[in-house]
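Since the structure comes first, as structure tokens, the remarks are kept for the end.
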Amino acid sequence: MLKIGLRSVLAHRLRFALCTVAVMLGIAFVGGAMVFTDTLATALKKQFAGSTADITVTPVDPVESRNGPPPTLASAVVSEVAAVAGVAEADAQLLVSDVQIRKPDGSTIDTYGLATYGAGWPHAISTSPFRLIDGQQPFGTAELALDQSTASKAGYAIGDQVRIVSATRAVTAKLTGIITPAQAGPAAGAPLVVFDSATAQLVLLGKPGWTSIAVTLKPDADTEQVRTAIAKAVGDPYNVRTAAQVEADGETALDTTFGGFSSILLMFAGLALFVGAFLIVNTFAMQVAQRSRELAMLRAIGASRGQVTRTVLAEALVIGLIGSTLGLLLGIAVAAGIHFAYQQLGAAIPSAGLQITPATIIACYLIGAVLTLAAAYPAARRAGRLSPMAALRDGATIPERSLLIRLLFGGFLLLMAGCLYAVANHAGGMPGAVLIGLASAMALLGIVLTSPLVSRYAVRALMAPFGRKAAVTLGRRNAERNPRRTSATASALMISVALISGLVVIAASAKASIDASIAAAIGTSDLVIGSSDPDTFSPQVADRVRKLGEVAAVHQVRQQDGKVDDIPVRLTGVGDGTLAGPISVTLDSGSLDGLAKGQAVVPRTLAKTLNVSPGKTFTLVTTSGTHKLTVAGILSPNRQLNAIVVALPTYESFGGAPADSLLYVDVADGTSMAQASTAVLSELKDYPSIQVRDQQAYAAQARGPVNAAAGVIGMLLALAVLIAILGIVNTLALGVVERTREIGLLRAIGMDRPQLRRMLRVESIAVTLLGALLGLLVGVLTAAAIQRVLVDDGLGVLDIPVLQLIGAMLVSALIGVLAAVWPSRRAARLNVLQAIATE
Amino acid sequence: MIVNEAAVRAVGVTKRYGAGQTQVDALVDLSADFGKGRFTAIMGPSGSGKSTLLHCLAGLDQPTSGQVFVGDVELSHLPEKQLTHLRRDRIGFVFQAFNLVPTLTAFENITLPLDLAGRTPDRDWLRTVIDTIGLTDRLKHKPSELSGGQQQRVACARALASRPDVVFADEPTGNLDSQSSADVLGFLHRSVREFGQTVVMVTHDPSAASYADRVLFLADGRLRSELLDPTAETVLDTMKSLDPAVAG
């Protein structure tokens, strides 16, 4: 049976080419994601997860924040560790990320998104992750060392003055030493600046402290015993790990980081395969219908039902295997391309060669084969049910199964989706949004199942504006004649369009919400000073700006991450009058008076979650410890200030880093914004990471990430649309083959080629518009529902970009036109006489 | 009635398929006139070239050499588009089977050539034609809901709907029982008698040919004989004289 299947595939190459492409595109995503992740992880684990110390002691970070100042430990702890039996040496180390190293021209060195590290010079050579190559160890606040690669890239030689900007301070110091890049640990391969340890504490942390202790054991000591002893000595707030444990943790961290990326790729793989499955289902259904006589003949000459079914499945298997092979190759090429691009960027990712694991190959083939077989199965089973008598009858057709079960199940799904929407609306917040996503997935499936029922009427209504010319009527009727096929073809497009339009509406709403909240929140302030990479900056900046004649007042805002009941929160410290002027807030209840007494204002959503009201207390955990806070007031949703707010003195008493996150600047009377902006910029020109923006620019910057995210997701979704278009081309092309005789007849009685093309174009547009409209409907409704439940979580405004959506419909119609080009060219080339003579 | 003016003329038509050893001459230097307002039948054994002749006359196929005129238009040099429009506007077709577009109703099928041309149908003429085929009550039905004979009558009505210069019928009764055949042939006959239409029909059935005014007999791509005002008997006799095999 495999032989017959293989022959059939070869005989109908064209017909199967599109199926193969669909499988290939889906599998390319799967393969690409797996190969890329494996490659990156192998390369990074090789270098990043190592450790040079026998045992490492680090403070537990209660907040697990990825940005902001690192948790530190005091010198007393180092002494405690050194006193433990079996410890030969306990070396306190200091390593801080988010440091900027400036080039001689004042710009920041390029890091391509990787962190730049600052460190203190180690006491012990044995546990040091780097070595001195040239010059001398830096000493005092006026000297530093750089790693060799950074120094040569930036063009520094020993004796040059180098400017360093940390989260807390900016200094200029003389380059006295060149070191190797770090060989292990998080800073491995990254740009690195080193001070002597006292200076490092001052410049990098802004306060005394260390980030870890590297322990060297006495030769005869048992690692595990000493580890336990150290853990006992230092107590709970410290992680005490052996070299092996550090390595394992490093790998886990890498998996978390890159796991996110690869799961996004895999999600799109799933989408591509799902959409592709519609194409395969349709192809095989049409294929079996067209070959019903041939298959019935097989039955008549003695093939069993099972054998006929297996013949069709064998074809599917062949396609699945070919598609998987091509997809795997394409996936490897894609992964290699991404990897190559990374290397070209000069990022410090070591090369490890492409990792093509057996798991990847097996997964690709398994998914490709199983998917194709599953998609072809319904058609294969119907082929097996063909009566041998069908071979003898003219125009044998396979009886279609009743739509009833499909409709009932589809209706049930739609009903369930409706209920789920109601529940989601009640739940609100992120859980509500997730439920709505689920409900929409159910609704889409429900529509897929029930759409054959409505497709006829929908097509008729949609195509009404195209008039009643003969070719138009014929094309429309062709779209109506097989509702199952039309709706399956349209469904693939519907799903893609639903995702895209949902994304468009949510992105537009997010932007509109940002604009609205910024307009409402930046009350009276004229300029906003902020920074990126690092996100915080030295209080020196505020002092210098305050001295300017063009400036009337500067409001400092500090922020750090914290946790309440294990919920990540943001803590904001504001000065007197900041909430009355530059940030305008409204309170649901309570008042701002409590701030001066050390109390806190809590955002509405958090208050709801914690079930607190003014006068109640809650416990806040920050990097520096736990703090009891009393609620002074409840804050209405506010984008500028979606955080627990305390007064600056309270914030400082919590031990937060002395660094500002934002400065709101009031311009002096009689000074124009432009003048003030210029003055501030020229004062701060040695801080290139600092940005001075007015409201418009601030809003634009806040919208940036939304745009970027929407762009990336949109591009990946475009691939799903591409597969859906292939599906339309496929259905039309197969329809042309199926209706060869009819087309011959039409040509004979006087349909000219433009009319024939128009007929197919109309059919294509009908299918496309049906899919696009249903998709648009589901997408927009989903987005609107999500906006409703997230109204307190930053999506305050619903913005449906009507023009964009109308544009999307027009583009869909255009896609329909394009999809018809190739099939109609084939149809127009048909020889009239041969076409009429076709069986 | 003017009978000596030709609606369709073939002048020295040769149709050759293949080349070299596999070369087959389907038509050899064949000339014939098909008079206006006449019902002409073309007969001949399988492979005699009768269908090829019909296809060449109708502009569906190009002769290898020779000329075909529909009215005063010579077909061999017409571009594809004009050939198509000629078929649409001046020629009607009835095929052996699969004559109708399954997605259109009987009425829509009848008016299809007119709709394709963007012409408004002549209502009186259309009513006359539809009355004559006797399917007034089935006009809203799809082809799949009609019997084979009914489908062929709808096809005939379609062929006549645009008042073409000539109707070509290729074995129109080939798939029908005798009663349905009689209906279809009677209709073609009446369209010539009563409405002055021109019909050229290929058939291998002597009783079908007996409805015609004239029968042309083809064999091996050549015109062999001609019979005026035929009956089933005279047709059969002529066939016997041309092909001994039929006599048996």
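Note: Cβ is positioned from N, Cα and C throughout, glycine not excepted.
Residues or ranges marked as domain 'MacB-like periplasmic core' in TrEMBL: A:17-232, A:487-680. Marked as domain 'ABC3 transporter permease C-terminal' by TrEMBL: A:267-388, A:715-831. The transmembrane segment annotation in TrEMBL covers A:16-36, A:264-289, A:312-342, A:354-377, A:403-424, A:430-454, A:486-508, A:712-737, A:765-790, A:802-822.
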Problem set entry | Contact set, same chain, for the transmembrane segment (A:354-377): CB under 8 Å, 6 or more residues outside the stretch | 19, 23, 26-27, 30-31, 34-35, 38-39, 41-42, 273, 276-277, 280-281, 284, 312-313, 315-317, 319-321, 323-325, 327-328, 331-332, 335-336, 339
For this session: Would you kindly check A:17-232, A:267-388, A:715-831 and say which stretch has the most C-beta pairs under 8 angstroms to the domain 'MacB-like periplasmic core' (A:487-680)?
Result: A:715-831
Problem set entry | Tertiary contacts of the transmembrane segment (A:312-342), as residues 6+ beyond its ends and Cβ separation under 8 Å | 1-2, 4-6, 8-9, 16, 19-36, 39-40, 280, 284, 287-288, 295, 349, 354, 356, 360-361, 364-365, 367-373, 375-377, 379-380, 383-384
Problem set entry | Composition by DSSP (helix, strand, coil) of residues within the domain 'ABC3 transporter permease C-terminal' (A:267-388) | 102 helix, 0 strand, 20 coil
Exercise. What else in the chain is close to the transmembrane segment (A:403-424), if you only count residues 6 or more beyond its ends and a Cβ gap under 8 Å?
Worked result: 431-433, 435-436, 438-440, 442-443, 445-450, 452-453, 484, 785, 789
For this session: For the domain 'MacB-like periplasmic core' (A:487-680), provide the mean pLDDT of the predicted model.
Result: 81
For this session: Pull the DSSP breakdown for the domain 'ABC3 transporter permease C-terminal' (A:715-831) and write it out as helix, strand, coil residue counts.
Result: 98 helix, 0 strand, 19 coil
